[in-house]
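Sending over a structure as structure tokens; questions will come in a sec.
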Amino acid sequence: MVLIRVLANLLILQLSYAQKSSELVIGGDECNINEHPFLVLVYYDDYQCGGTLLNEEWVLTAAHCNGKDMEIYLGVHSKKVPNKDVQRRVPKEKFFCDSSKTYTKWNKDIMLIRLDRPVRKSAHIAPLSLPSSPPSVGSVCRVMGWGTITSPQVTLPDVPRCANINLLDYEVCRAAYPELPATSRTLCAGILEGGKDSCGGDSGGPLICNGQFQGIVSWGGDPCAQPHEPGLYTNVFDHLDWIKGIIAGNTDVTCPL
């Protein structure tokens, strides 16, 4: 069974103040308040996602995080005790690889959001650069977000959790999920023995490998963090031409096949 890694926002009021679990994303630790100035919190249609600030006007997230009445919060660490520099924005425009907004669990799960007005940089708000080189299997990657820290039961944290996982060969994910095609524009990342993983509510957030922004949280096993069931992440490097083209104003640019 697989899980698209969004989480109903309806649970936030009920669970965001739940007792902290020894399982901290899952299997991680509380992120340092200064290590995620690019991480954004996205609410839509009673759901929660993450995202990444690329510059003062643009956020990159997963296509399956699209919905009505989207709100984007920047500079967030604790949801209970907000930083003084938290900023709220809404989308001005949304861009998808396919004009019909279609995507699959292994293709085109990527969305660019142009914000309604520029973001002001601050102590807790700063963009993350796009990757300058492709990802390498074996890299140590950092995943982060406000998603559930337990699975299948839901326990939402007050502050984002961070975990180190490994970039794995795509064939590892094909073995775990036979429905995957022979090739795709997704990355496979996790811990083979399980215990660390992104999960529900982390969708759209970044996967940072060797210091470079290489992936977008997309989907994975359900429950999360099971042995030999890594997560799938949209490959950012493969979509660089599309991302840069849209930001530059070229709306005719096409996504890779």
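Any Cβ shown, glycine's included, is placed from N, Cα and C.
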Check Swiss-Prot and name the cysteine among CYS65, CYS97, CYS141 that pairs with CYS255 in a disulfide.
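Its disulfide partner, as Swiss-Prot records it, is CYS97.
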Looking at Swiss-Prot, which of CYS162, CYS173, CYS188, CYS199 bridges to CYS31 via a disulfide?
CYS162
With reference to Swiss-Prot, which of the candidate residues CYS173, CYS199 participates in the disulphide bond with CYS188?
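Recorded disulfide partner of CYS188 in Swiss-Prot: CYS173.
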Per Swiss-Prot, which of CYS49, CYS65, CYS141 is disulfide-bonded to CYS209?
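Here Swiss-Prot pairs CYS209 in a disulfide with CYS141.
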Going along the chain, which residues six or more apart from CYS255 (disulfide bond) have their CB under 8 A from its CB?
CYS97, ASP98, LYS108, ILE110, HIS239, TRP242
